[in-house]
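Pulled from TrEMBL:
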BINDING   A:Glu176, A:Arg221, A:Thr372, A:Arg376  L-aspartate binding site
BINDING   A:Glu369, A:Gly417, A:Leu418, A:Ala419, A:Arg420  ATP binding site
DOMAIN    A:143-446  domain 'Aminoacyl-transfer RNA synthetases class-II family profile'
REGION    A:199-202  region 'Aspartate'
Protein chains: 2
Amino acid sequence: MSERTLVQQLQSREDGPVSVSGWVETVRDQKKVQFVILRDETGAVQLVNPATRPAEDGTEQDAAALALTDLISNLSTGTFLTATGELKHDERVKLGGVEIKISGLEIAAAALPETPIAADSGLDKRMDWRFIDLRQRRNNLVFRVQTTLEHAMRSYWIERDYIEVHSPKLMASPSESNAELFEVPYFEEKMAYLAQSPQFFKQMAQVAGFGKIFEIAPAFRADPSFTSRHATEFTSIDAEISWIDSHEDVARMQEELLQTAIRAVAEKHGDEIKALFDIDVVVPELPFPRIPLAEAREIVAARGYEIPRTDGDLDPEGERQIAAHVQETYGHQFVFVTDYHPEIRAFYHMRDEETGLTKSYDLLFNGVEITTGAQREHRVDVLIEQAKEKGLDPEHLDFYLDFFRFGAPPHGGFGMGLARVLMLLLGQDSIREVTYLFRGPTRLAP
Amino acid sequence: MSERTLVQQLQSREDGPVSVSGWVETVRDQKKVQFVILRDETGAVQLVNPATRPAEDGTEQDAAALALTDLISNLSTGTFLTATGELKHDERVKLGGVEIKISGLEIAAAALPETPIAADSGLDKRMDWRFIDLRQRRNNLVFRVQTTLEHAMRSYWIERDYIEVHSPKLMASPSESNAELFEVPYFEEKMAYLAQSPQFFKQMAQVAGFGKIFEIAPAFRADPSFTSRHATEFTSIDAEISWIDSHEDVARMQEELLQTAIRAVAEKHGDEIKALFDIDVVVPELPFPRIPLAEAREIVAARGYEIPRTDGDLDPEGERQIAAHVQETYGHQFVFVTDYHPEIRAFYHMRDEETGLTKSYDLLFNGVEITTGAQREHRVDVLIEQAKEKGLDPEHLDFYLDFFRFGAPPHGGFGMGLARVLMLLLGQDSIREVTYLFRGPTRLAP
């Protein structure tokens, strides 16, 4: 690879010859001097060139100098190039206190002169040109934060001997429900389905004796909704563990995991997040508050909000009310809402023998649900009864029920939407802003 | 969570009360004494119980002792349970030098008495019952090796400031070729396609100024073949980097990455791999040998093998011959075969201006291709010409070509099949053995 200096390394380098590579952010083409702001993945630097213009009196000028000036005058925003020149520290230069006097420019690929979007273009337009939109510092930071967040989570798990699995996304049967299912015509006129979650397969790892597993992978929902929190394809963070006593063991793992991951983000990117998003990343304290759903509903009612849903669950405004209550009472951004009625939970959630409520939780972060966690029912006869109660035909679930017929440990886990966590961590309005390439009912490209 | 001791911790624990959880591997039900081998995710331990049988002379026996004996007599293989008892170190016990005298057994879920497969069942039958098959020590080890391998690779990248991306698997256009494409009926009678690779989207990260990226994610090929190396869904390890001079920069990154990852596996699992697979994990030395394709063909011919392919590429036997040559000549398990003719490469591979050959390589590991790497063509006019030459309609590629119209850096990368690496590292015959749940033309379940 060529001798390339990253922009962030310039400040600590001595004055002298240097080569930087990146894309043109702006050109200021003054009569006597030209400035180019060049950005790479680590920062931006000012390039400077004393302009050599054709003399009005016809005096011969240096041909190379004329050509360089002309080249810079014609640089379009977005052009990727390598600039060589003399690095000079100069505290008058606002951008990092250094500039580079250009000796040569090598253009890798020139941009068309008209950039189709600007930083303040509408979200949909920016998504049309996502590859240009992602050049913005804020957007670049989103994915560096994503990288740190995920690596901290995986490291947490691996230090604790979790196994990483890659469960299949092509399935012969639906994983969660028959609704919102993408169908894929398969060989010999069979039909496959895209996995809505790794639910069944991460449970399979438990009966396979894997003990503790995790997976970060795409999941698919043919969900026609256009909310700021839904996508037809999303990155799901999943973990599942054996030999638990209840969902409380899962919650304890998840809160530790999130504390570890958010701490890593705060340490590595806290200042930059403050500068670019005006957000103070708060490392959450343990334990996160827990509120049973029935109590949560009472709190919401006492705050004067009447939940219109009749199924006993919270609605988005109810979730915001609970989050506000938790913030006021405990100064915490997270809350586990627990003990959901079986009617509003999946058939495989285990039920508490005394209360009849599920051993499950939702985790809210700043008022938005990011997770459902639960202990799973591992006793096949109970599981079949619960499936029937939901109107499901156990025969259609046979491949899944088989998992529990040859021995099974008590187990549970959670699924968490990566984009929701990033959205809330960075104070964004929509998962579209924090997804590399969003997929929705009317969005399949680029 | 209950006080559970992992089997591997038992040796370092003092004699006394203990509780272990796992599944029944074998029961030896002798008249006077009963032995249970209980396995968990970390190992196996012998449980022992002095049998209490109904006395022939009708003498009254301890009811609890009779019940425990009866329970053990009826334990089926695969039953998950928690055993409490007294740990005792005894060097006469072959299995780890410890045993547990049972005081109580709590069954989590009993297995049906007939296990449908045995360790020596055929591969297809074992795949039908993969969740039982995975309880084998060897199979469990495969996925612990996978975990270590991937974490070492991600750590390598993250220490070097790579960004992790999650590119979409639902696309509006094919990513690589129109052949072997899974179609997904989408909203409003549109058609989506499953990504055959993240190729276009990892290149998009380069024009977005991300610099260096990686992704480990599923890829889909509607490939009707039944070889030991192909699947309809597989885990693809991808990286892409900017500002390279040639594919050589990509190769250098990849060989370092593999050395790092294989060293991590050797250090953590080398002894166990030797014990269970009789394989010595060799940490490859740098640099890996490089052989231009034309020279490779000459070497194969000189070894007396005539490649039947007429397109100038190697066939599987040719790859094995080259691997044998490299092993004999350099004592190395890896070889980069370089400089492929454009006719046998994708349209987006950059070509060397002097030779007209592509700036690309295949990486062979023990004679099997695990990777294609290349510098990509980033000049849109050249790219369009190369697409046309392949008979592709640039209009159908417009969304991809747009990436290069607004500036682009020189860049390149590789894609590597995770299962192939694991298969070769562990000396297995088929990727089916090292895939959590294999997907092929006739295999969609479990």
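Cβ coordinates are placed from backbone N, Cα and C, and glycine is handled just like the others.
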Practice item. Quickly jot the same-chain residues contacting the region 'Aspartate' (A:199-202) by Cβ under 8 Å, restricted to those at least six beyond its ends, or write none. Key: 165, 167-168, 175-176, 213, 215, 238-240, 348, 400, 403, 413, 415
Review point. Under DSSP, the region 'Aspartate' (A:199-202) has how many residues in helix, strand and coil?
Key: 4 helix, 0 strand, 0 coil
Practice item. Name the secondary structure element type, per DSSP in three states, that contains A:Gly417 (ATP binding site). Key: strand
Study note, to complete from the structure: Counting across all protein chains, other CB atoms within 10 angstroms of the CB of A:Gly417 (ATP binding site) number 21
Point to revise | Integer Å distance between the CA atoms belonging to A:Arg221 (L-aspartate binding site) and A:Leu418 (ATP binding site) | key: 15
Exercise for review: Calculate the distance in Å between the alpha carbons (Cα) of A:Arg221 (L-aspartate binding site) and A:Gly417 (ATP binding site), and round it to a whole number.
Suggested key: 13
Point to revise | Largest separation between Cα atoms (Å) of residues that the record links to ATP, namely A:Glu369, A:Gly417, A:Leu418, A:Ala419, A:Arg420 | key: 12
Exercise for review: Would you count the other CB atoms within 10 A of the CB of A:Arg420 (ATP binding site), including those on all shown protein chains?
Suggested key: 22
Check your understanding: Can you count the other CB atoms that lie within 10 A of the CB of A:Ala419 (ATP binding site)?
Key -> 26
Point to revise | Residue among binding-site residues A:Glu176, A:Thr372, A:Arg376 with Cα closest to the Cα of A:Arg420 (ATP binding site) | key: A:Thr372
Check your understanding: How many angstrom lie between the most widely spaced Cα atoms of the L-aspartate binders A:Glu176, A:Arg221, A:Thr372, A:Arg376?
Key -> 22
Exercise for review: Using the recorded ATP site (A:Glu369, A:Gly417, A:Leu418, A:Ala419, A:Arg420) as reference, state which further residues of the same chain have their Cβ within 8 Å of the centre of those residues' Cβ atoms, listed in sequence order.
Suggested key: A:Arg229, A:Phe234, A:Ile370, A:Met416, A:Val421, A:Leu422, A:Met423, A:Ile431
Point to revise | Chain-internal residues near A:Arg376 (L-aspartate binding site), provided their CB is under 8 angstroms and they sit 6+ positions away | key: A:Gln203, A:Tyr348, A:His349, A:Met350, A:His411, A:Gly412, A:Gly413
